[in-house]
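Visitor: In case it helps, TrEMBL gives these features for our protein:
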- 347-365: compositional bias 'Gly residues' (COMPBIAS)
- 12-216: domain 'Neurotransmitter-gated ion-channel ligand-binding' (DOMAIN)
- 224-434: domain 'Neurotransmitter-gated ion-channel transmembrane' (DOMAIN)
- 345-367: region 'Disordered' (REGION)
- 219-242: transmembrane segment (TRANSMEM)
- 249-270: transmembrane segment (TRANSMEM)
- 282-301: transmembrane segment (TRANSMEM)
- 419-439: transmembrane segment (TRANSMEM)
Amino acid sequence: PGCRGAQGRFAYKLLHDLFANYSSALRPVEDTDRALNVTLQVTLSQIIDMDERNQVLTSYLWVRQTWLDAHLTWHKDDYGGIDSIRIPSSYVWRPDIILYNNADEHFGGSMETNVVLRWDGHIMWDSPAITKSSCKVDVSYFPFDGQRCRLTFGSWTYNGNQIDLRNQLDTGDLTDFVENVEWEVLGMPATRNVITYGCCSEPYPDVTYTLLLRRRASFYIFNLLLPCIMVSFLAPLGFYLPADSGEKVSLGVTVLLALTVFQLLVAESMPPSESVPLIGKYYIATMTMITASTALTIFIMNVHHCGPGARPVPPWARRLILHHMARLCCVYEVGESCKSPRRALGGQAGRGDAGGPGESPGEGQVGTEAGGCPWDHCLCHQDALLRNVGYIAGCFRRHRAKQRRTGEWKKVAKVMDRFFMWVFFLMVFLMSVLVLGNAA
């Protein structure tokens, strides 16, 4: 206890002797023409927030500055062997090292912590600081993007002839870094730059730490990308729905609205710049595809609901759609084969036409009996009977021709539905592969 009391008296005497005639306002060098060497080392403790929309990085840093104060030296033997003391940083001169690209509106700076003063005049000042720095965010490959955020430290008033700022290590210290859930730190290289600004002719050195970040994309894959891919695969199924269901256009509009919601979620967190993120491009391309599929669905439904007064299917459409595309898409009617569909649709109509006159004699006989003239004794009604039978047969043939035209247009619509369904399935698959390929 007596030794500790002696140490306390020596420390008090040392503090009084050191600062008796000391001023913290002047640069502590014996020769004012020589530059004071200041060494800087930054330790990254935590990434608090990355605001992509405002392009601001909030980080928790430990900043260590060391320099030599020529006016604060003593002999250890004169003060009981004391080789270092810890005093408030406001007692000594401190270099005005600040963060050049600071984006904090309050500009708080470093915390007022103690400095470690050694007997030979070396001062080490460790101060924690929560900094907000401007960072140019490139979201072209969001959510598979990486960012390069720079932290530039330098003196605000002293030029390179007065303070020679240097980095202690070639990289920032990441040994005490707390892992971030969204960002992965790949490195933090440090470089020293000497810049001559337009306002002054003297050089100004600075130390720039480049924080290399890579986004952890798992959250965005499961919450933004995969739902979009699954929803976009529903759009081609609108072509598979029967035209009489009345839900073909409703499905396309519903999918389009769902993708619009996802697009708004991405746009809220992105900066309003010209660079569109990768996932935004995928959303826009998918929404364009769904808009086109909805428009084609409306056109195909119009073809499907062609009435009896529609024109016959053109020969080129019959040959291209009903023969080649129907065989390619495996669209066939009941009784047909996917490999060899029956092409003679008129044969069925011909056999159906033959059944029409079969009923006419009965109707003609009823007519003759109503007139009171026996069939086998009166030949004057044969011409009228033939005209009635011909009229009925003509009506039946026209009715069958209208049904055949309507059926052909419905089959054209069905073949086009199947064809565009596979085309849009292929487009969705290719767009998904391109997005994942660009991300890789």
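Including glycine, each Cβ sits where the backbone N, Cα and C put it.
Values in this document were obtained by computation on a predicted structure and should not be read as measured data.
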Visitor: Are there residues at least 6 beyond the ends of the transmembrane segment (249-270) whose Cβ is under 8 Å from a Cβ of it, and what are they?
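Guide: Distal contacts: 52-53, 139, 142, 224, 227-228, 231-232, 234-235, 237-238, 241, 277, 279-280, 283-284, 286-287, 290-291, 293-294, 297-298, 301.
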Visitor: Could you pull out which residues elsewhere in the chain have a CB under 8 Å from any CB of the transmembrane segment (282-301), counting only those six or more residues past its ends?
Guide: 225, 228, 232, 235-236, 238-239, 243, 248-249, 252-253, 255-256, 259-260, 262-263, 266, 276, 413, 416-417, 420, 424, 427-428, 431-432, 435
Visitor: On the 0 to 100 pLDDT scale, where does the domain 'Neurotransmitter-gated ion-channel ligand-binding' (12-216) sit on average?
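Guide: Averaged over the domain 'Neurotransmitter-gated ion-channel ligand-binding' (12-216), the predicted model reaches a pLDDT of 90.
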Visitor: Same chain, outside the transmembrane segment (419-439) by at least 6, Cβ under 8 Å from its Cβ: which residues?
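Guide: Answer is 141, 144, 217, 225, 229, 232-233, 235-237, 239-240, 278-279, 282, 285-286, 289, 293, 296, 300, 325, 328-329.
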